[in-house]
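*Asks:* Just dropping this structure here.
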Amino acid sequence: MPLGLGRRKKAPPLVENEEAEPGRSGLGVGEPGPLGGSGAGESQMGLPPPPAALRPRLVFHTQLAHGSPTGRIEGFTNVKELYGKIAEAFRLPAAEVMFCTLNTHKVDMDKLLGGQIGLEDFIFAHVKGQRKEVEVFKSEEALGLTITDNGAGYAFIKRIKEGSVIDHIQLISVGDMIEAINGQSLLGCRHYEVARLLKELPRGRTFTLKLTEPRKAFDMISQRSAGGHPGSGPQLGTGRGTLRLRSRGPATVEDLPSAFEEKAIEKVDDLLESYMGIRDTELAATMVELGKDKRNPDELAEALDERLGDFAFPDEFVFDVWGAIGDAKVGRY
């Protein structure tokens with residue numbers, strides 16, 4: 001059967017609140033619940049999960065990236081709840097938290113917190129800093145931006161391609177949150193929606209970006225932070241395992257990804273950037289999870305449509321994802 005035969009794709013909405021997301025491409029709001037035990041949110045043999053008092057208590061240390069005392073947070077199951085806990089610890093509005101990095105206070109996109117946190121990772125929270133408005137002349141079809149989001153309604157710049165249109169505008173930096181394009185608010189938009197809007201802007205015209213940069217520590221002022229590098233892959237802690245945050249259901253403690261999973265996730269994330277202008281290791285991990293046991297590309301296409309239908313992935317992209325997962329399985333890196 002040819003790939004994609006009979007597939008019906010629905011176009012994603014232009015603006016969609018993260019709370020309404022049926023499945024996670026980034027990280028959405030999950031059902032309230034305590035942290036899961038090892039490997040799954042429910043016990044073996046079909047029994048209900050153990051009482052909350054008997055589940056492991058996971059405590060993480062955190063600081064504000066621009067400088068603060070160390071705080072302790074626990075009891076979150078998704079990114080929005082994590083930001084809420086950080087806000088409580090430092091007495092900030094939760095909306096002030098832009099994104100988090102692991103084990104560094106710098107705006108390092110290789111250390112961006114995604115869907116997994118190493119159990120011994122230190123969390124640095126980057127909060128809103130200076131707002132700015134920039135006019136950009138779109139002289140080329142591609143602006144040279146890679147977009148990601150924080151899982152809580154903010155899309156921001158993860159990478160700027162060297163020599164691109166945006167690279168020549170020093171006021172725009174990696175880590176800047178994209179608040180609006182030509183006055184249209186993007187708060188609540190997913191990364192792929194923002195990337196699509198930027199791509200659809202007409203060439204040869206000027207448009208306006210409203211941005212908010214993360215507040216910087218003294219040693220970061222006047223630096224233009226570098227984006228993540230292709231092939232760097234997600235940076236996880238080297239502790240006993242990872243806490244995986246999910247869009248629905250409790251967070252779960254899992255083993256570190258296998259070598260196959262790490263490489264497959266890296267390759268799928270590269271494909272997301274190539275086809276869609278976004279990077280999202282948790283979305284890539286979900287796609288690898290859906291595809292690793294599928295027998296052919298059509299089965300993968302059906303699984304992606306069912307779980308991630310809002311993305312309306314093109315057939316050629318699905319075929320390349322199938323190939324990337326297959327290559328990683330047999331060690332063709």
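Quick reminder: no glycine exception, Cβ is built from N, Cα and C everywhere.
TrEMBL entries are annotated by machine, without manual review.
In case it's useful when we look at the structure, here is the feature table from TrEMBL:
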- 1-11: compositional bias 'Basic residues' (COMPBIAS)
- 25-40: compositional bias 'Gly residues' (COMPBIAS)
- 228-240: compositional bias 'Gly residues' (COMPBIAS)
- 133-213: domain 'PDZ' (DOMAIN)
- 1-53: region 'Disordered' (REGION)
- 223-244: region 'Disordered' (REGION)
*Asks:* Of the residues in the domain 'PDZ' (133-213), how many are helix, strand and coil by DSSP?
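*Replies:* Split by secondary structure, the domain 'PDZ' (133-213) comes out as 13 helix, 31 strand, 37 coil.
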*Asks:* Check the domain 'PDZ' (133-213) for me and report the mean pLDDT.
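*Replies:* Averaging the confidence scores along the domain 'PDZ' (133-213) gives 94.
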